[in-house]
Amino acid sequence: MTAQLIDGKALAAQVRQEVEEGVAAFIADGWAAPGLAVVLVGCDAASQVYVENKIRQTEAVGMRSERFLLPADTDESQLLTLIEQLNNNDAIHGILVQFPLPPQIDVSRVISAIHPSKDVDGFNPLNVGRLAAGLEGGLTPCTPLGVMRLIRSVHPDIAGMGALVVGASNVVGRPLARLLLQADCTVSIAHIRTTDLARRCREADILVVATGVPGLIRGDYIKPGATVIDVGISRVRLPNGRDKLTGDVAFEEAVEVAGAITPVPGGVGPMTIAYLLANTLQAARAAVRLR
């Protein structure tokens, strides 16, 4: 068996097209283009590339973007002041603070300072609580939304299927488990300290792995025909001295067992940014409904 490759780039392009059409309709209704503010503290090279990619894609779908580049020695109060200004700016519908932040800044305070209605990352405690309670109206983390779209591209109806999420972070694992549960999956959560992880993986119809441990899930961990979504991405050094991007799943082994699988790169990553755009449009629509 050779697994179907789930093309995250193609699906992300579909999401961006949907957002672009939604933005055009929003503007045609007489509203200003949705606005996304992106805040970067420091000069981490990888973060700068990621921010520029987000801004480029934001503008490509017809939304406005504003970047705020702050020095690495910015203190917490300065960042919180900027966030408050953005909270009060009606032209800004989404606020994204690029992580990681310098050590002098408390990440949890920053997340809580972003108004829930503009929290396009979906990390504010109020949005987390809405998702946990199954309430509508909140913003959901982008990567879990992207993972659900990837899964539904293979299984439009996942009710009754068994899903295992390996990884219990607040960014991916926990919110994703909630979304799967809302879709009537039978959901379990595991992590790197779970005993007998291989057995638990082999019971799953849908296996999502988000641990940041390269090659954690071997081919013999996978139920034949299962759908495997690899959220992890790590840079590993090969014997020849070159670097390679790899996921949490041993791809060459897994592709011979799974029914469908995401590649790394080109699987989950493009979907995360696509749903950042979708969340920004959702936030803009919600804002005008309140006027």
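Using the three backbone atoms N, Cα and C, a Cβ is placed for every residue, glycine included.
For the NADP(+) site, Swiss-Prot gives GLY167, ALA168, SER169, ILE233; the one candidate out of ILE151, ILE192, ILE222 that the record lists there too is ILE192.
The Cβ of ALA168 (NADP(+) binding site) lies under 8 Å from the Cβ of ARG174, ILE189, ALA190, HIS191, each of these being in the same chain and 6 or more residues away along the sequence.
Listed binding-site residues: GLY167, SER169, ILE192, ILE233. The one with the lowest count of other Cβ atoms within 10 Å of its Cβ is ILE192.
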